[in-house]
């Protein structure tokens, strides 16, 4: 009977980068007209446990990696495309957003009794407090995945090619 020691279990389960298979549609949700081969890609992503339930494992350092993926438009075309994906290179345990909100709500109680507060729109948005904005100057050109913080272009490579242009993933132009 093999028993894995506590220290090894603890070290291997703590917040860190680990290779994770990520579905391409999770990263490119607007490209439903395509079939991708392979349909998922191996990416380094943050995962694991933090020493406190009020903390979560989040990326603090990220970079883009470009991979060759077969992009198939059924009954029309197929070609190898260069697709950009976000990889995590450093992770850290940071306070969970809902824990911060609960603490703020507790401190606000008792003030302004009898007054109704307006409910904020988008209250149930996924936690994106640790994401850096995509680009201040041209944020209208980007879409950000709140779970991975990945910034991707609203426009697709195929849209640019149809106009005899090439998409620059960094500037989304």
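Easy rule for this one: first residue shown is 1, then count along the chain.
Just so it is clear, glycine is given a Cβ too, placed from its N, Cα and C backbone atoms.
Sequence annotations record features per position, and here TrEMBL assigns compositional bias 'Basic and acidic residues' to 95-104.
The compositional bias 'Basic residues' annotation in TrEMBL covers 105-124.
Sequence annotations record features per position, and here TrEMBL assigns domain 'Platelet-derived growth factor (PDGF) family profile' to 2-98.
The region 'Disordered' annotation in TrEMBL covers 95-131.
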Grouping DSSP H, G, I as helix and E, B as strand, the residues of the domain 'Platelet-derived growth factor (PDGF) family profile' (2-98) number 14 helix, 59 strand, 24 coil
Averaged over the domain 'Platelet-derived growth factor (PDGF) family profile' (2-98), the pLDDT of the predicted model comes to 95
